[in-house]
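Positions annotated as transmembrane segment by TrEMBL: A:15-42, A:89-110, A:122-144, A:156-179, A:191-216, A:250-272, A:292-312, A:324-346.
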Amino acid sequence: MTDFFQNTLGMSYEFAWFTATIAGILLIALPLMLAVAMIIYVDRKVWAAIALRRGPNVVGPFGLLQSFADGLKVFLQETIIPSAANKGLFLIAPIVTFTVALLAWAVIPFGPEAVLADINIGLLYVLAISSLGVYGVVVSGWASNSKYPFFSAMRAAAQMISYEVSIGFILICVILYAGSSNLNTIIVAQIGHGFGLVNAFAFNLLLFPMWVMFLISSLAETARAPFDLTEAESELVAGYQTEYSSMSFALFWLGEYANVLLMAALNAILFFGGWLPPLNIDLIPWFDIPGFIWLFAKIFFFFFVFSWVKATVPRFRYDQLMRLGWKVFLPLSLAFVVLTSGWLMLTRYG
Amino acid sequence: MIQTLAFYLFAVLVTASATMVILSRNPVHSVLWLILSFFNAAGLMVLVGAEFIALLLVIVYVGAVAVLFLFVVMMLDIDFSELRAGFMKNFPIGVAIAVVLLTELVLGIGAYRAGALQLGAPTGDAVPIPGRGNIDSLGAVLYTDYLFLFEAAGIILLVAMVGAIVLTHREQKATRGHQNIGKQVRRNPDEATVMKQPEVGAGVEL
């Protein structure tokens with residue numbers, strides 16, 4: 001895009017780069033917000049369908065405008081700040097959650113060239129940013145000065161640290177196979193990876209278990225059901241969001257769903273070929289279909305899996321959550337790092 | 001131009017938030033300022049081209065260590081009047097530390113004004129290789145020249161970890177809180193539930 005602004009519009013390089021970056025940020029952030037609004041609608045429709053209900057169907061055709069009506073309602077509400085709350089941190093916390101949820105999208109590739117920041121350490125960047133997400137929850141829980149948000153903050157801190165460890169090891173396996181932590185290189189490395197036919201790392205005996213663990217860990221990392229202990233409504237009212245109202249509440253929601261979409265995108269990029277078409281045969285000209293359509297289809301599929309799980313699986317107990325993270329996923333992913341590197345030494349580098 | 005701006009932005013934020021760490025009265029605020037200064041220090045490292053170290057700083061310190069730190073500090077029940085009561089007792093130690101820091105500061109400024117240290121141009125392995133990322137370069141050095149030191153550091157960390165686990169581990173008797181997950185998962189409705197139609201007035205024997 002810098003080229004376009006520089007050569008077609010005749011700007012100087014610095015100014016063209018600046019304009020291109022701002023345009024890129026807007027091109028990612030605005031559609032993402034729209035996607036979050038629509039995906040909340042999808043989420044509610046999927047739960048409704050599984051529970052044999054109709055779901056939102058009043059506002060707009062098929063209830064499509066429901067999220068926008070909710071957003072407007074929330075926007076017009078009064079912002080209530082509890083008198084005993086730590087005011088500054090109470091207001092900063094939702095902003096942190098929301099900002100961090102948007103930050104990670106900077107390195108997500110939507111096509112061979114369509115990346116805002118095509119950096120060498122893309123995957124590490126995603127890991128670093130997703131580890132920041134916990135601060136919004138912890139700070140809001142503490143600043144609310146109320147017992148349920150505080151319990152929720154404690155749970156969130158322990159939960160996210162536990163699952164980040166195994167996510168780190170899973171990412172190392174993928175990096176080993178792709179030979180790079182640049183997300184575009186990882187995607188290109190998946191061309192014909194499964195039997196020379198399927199463009200996906202998931203069709204590999206060593207990486208398939210990693211993908212299953214990554215899917216479950218990403219549910220835990222985004223605190224979605226069955227790991228939504230931070231906002232378990234039967235125990236903690238609404239968890240860390242209990243004292244929030246109006247726009248600060250909406251920011252939590254937007255941030256949370258942006259994170260869920262990010263995790264779905266990571267599932268698609270790391271294990272299912274990102275913007276590549278699913279199969280490596282050119283029977284129908286699907287390599288000509290723009291990459292972002294494939295990526296969006298895969299994100300949509302994984303999001304459906306997420307809400308499917310949310311509608312069907314009961315919530316974990318806290319000790320079960322910790323056991324799964326530390327006693328099952330951590331040793332397993334560690335063993336697979338050794339297995340994967342051993343196999344690669346034997347076949348590729350040996 | 002943009003590097004200079006970014007440098008001054010990060011540097012000012014690091015210094016300011018580091019100052020706020022010791023100035024804020026609430027320890028939770030202190031930890032949060034500390035996190036902000038870690039984050040900006042990572043920004044400075046990106047500016048000097050050490051992007052891998054910068055991200056490690058964010059992942060390890062901001063993402064894990066500081067969260068645990070915050071976790072502990074948040075649960076402290078701090079009585080400020082009691083803190084002030086210990087002021088006179090700890091005053092000499094505080095003065096000693098202040099003197100040490102002041103000496104370091106004076107020495108540092110003096111050394112800075114005496115001119116830069118002549119380190120010479122990097123030669124041999126230390127020459128940066130163009131077109132090679134941080135991770136490649138670090139790996140190439142760590143796993144060849146410094147393999148022994150690297151492994152030794154790993155073993156020390158392992159021993160420390162085992163030590164921490166041994167210190168906190170308590171042998172749990174099977175009387176309380178012990179669950180057999182395999183047994184719980186193996187349960188199925190056929191074994192776990194019994195359907196009975198008891199006579200009126202008659203009890204059920206399980």
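Note: Cβ is positioned from N, Cα and C throughout, glycine not excepted.
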Original post:
Can you name the far-off residues of the same chain, 6+ from the ends of the transmembrane segment (A:191-216), with a Cβ under 8 Å from a Cβ of it?
Top reply: 166-167, 170, 173-174, 177-178, 266-267, 270-273, 276-281, 302, 305, 324, 329, 332-333, 336, 339-340, 343
Subject >> Positions whose Cβ lies under 8 angstroms from the transmembrane segment (A:292-312), at least six residues beyond its ends >> reply: 39, 42-43, 46-47, 50-51, 110-111, 114, 215, 219, 224-226, 228, 260-261, 263-265, 267-269, 272-278
Original post:
Is the number of Cβ-Cβ pairs under 8 Å between the transmembrane segment (A:89-110) and the transmembrane segment (A:324-346) three or more, considering only pairs separated by 6 or more positions?
Top reply: no
Subject >> Within-chain partners of the transmembrane segment (A:15-42) [C-beta distance under 8 Å, separation at least 6 from its ends] >> reply: 1-6, 9, 56, 63-64, 66-68, 70-71, 102, 105-106, 108, 116, 253-254, 257-258, 260-261, 300, 303-304, 307
